[in-house]
Amino acid sequence: MSLLTEVETPIRNEWGCRCNDSSDPLVVAASIIGIVHLILWIIDRLFSKSIYRIFKHGLKRGPSTEGVPESMREEYREEQQNAVDADDGHFVSIELE
């Protein structure tokens, strides 16, 4: 008994494939899974950077400010800007002797 399910045999002067189990539900399911896997792999290769960025950071661009008074929003913006401004003056000077 052979473990092969497909046998290549000469049919009418051509090489063909005699697949008797092609209507088996397991073969159909495996074919569908293979096709879906191939499609998902292609999509992943084409759009990997944008897909992983969405998973990492979500669809939001920043912290939610819903329900926060405008004065607190402005204070938060000033704190963020001051933190950026403070970092601008910190440079390390290294001298080699």
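Cβ from N, Cα, C; glycine included.
Among the features that Swiss-Prot reports, compositional bias 'Basic and acidic residues' is placed at 71-80. If you look up Swiss-Prot, you'll see ASN20 marked as N-linked glycosylation site. Per Swiss-Prot, the feature phosphoserine maps to SER64, SER93. The feature site 'Seems to be involved in pH gating' is assigned by Swiss-Prot to TRP41, with sequence analysis given as support. The topological domain 'Virion surface' annotation in Swiss-Prot covers 1-22.
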- Query: By a simple count, how many Cβ atoms lie within 10 Å of the Cβ of TRP41 (site 'Seems to be involved in pH gating'), its own Cβ left out?
  - Reply: 10
- Query: Averaged over the topological domain 'Virion surface' (1-22), what pLDDT does the prediction give?
  - Reply: 55
